[in-house]
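A.B. asks: According to Swiss-Prot, the protein carries these features:
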- 20, 23, 39, 42: Zn(2+) binding site (BINDING)
- 20-42: zinc finger (ZN_FING)
């Protein structure tokens, strides 16, 4: 009987490096936030929570592992 390769599944959530559309500030955010994530410089909303994966309103530059 063959065992599966991964007994523990990898999480589907990731950290993202995003760029604010209003001011150009780069910030690291979580892909599944529980609260709204705002830009630290101008206060614009970058990610809105939805009970699962958040709605990303900024430009995603990189997906961090």
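Cβ from N, Cα, C; glycine included.
Worth saying up front: this structure is predicted, and the values here are computed from it rather than measured.
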A.B. asks: With every protein chain in view, what's the tally of Cβ atoms within 10 Å of the Cβ of residue 42 (Zn(2+) binding site), excluding that atom itself?
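C.D. replies: Within a 10 Å radius of the Cβ of residue 42 (Zn(2+) binding site) lie 12 other Cβ atoms.
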A.B. asks: For residue 20 (Zn(2+) binding site), just count the other CB atoms lying within 10 A of its CB, please.
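C.D. replies: Residue 20 (Zn(2+) binding site): 21 neighbouring Cβ atoms within 10 Å.
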A.B. asks: What's the most sparsely packed of the binding-site residues 23, 39, counting other C-beta atoms within 10 A?
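C.D. replies: Each of the binding-site residues 23, 39 was scored; lowest Cβ tally within 10 Å is 23.
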A.B. asks: Around the Zn(2+) site formed by 20, 23, 39, 42, which additional residues qualify by having Cβ within 8 Å of the site's Cβ center?
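C.D. replies: Near the Zn(2+) site, beyond 20, 23, 39, 42, sit 21, 22, 24, 25, 40, 41, 43, 44, 46.
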A.B. asks: As a test of reading the model: what is the averaged pLDDT for the zinc finger (20-42)?
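C.D. replies: Overall, the zinc finger (20-42) comes to a mean pLDDT of 97.
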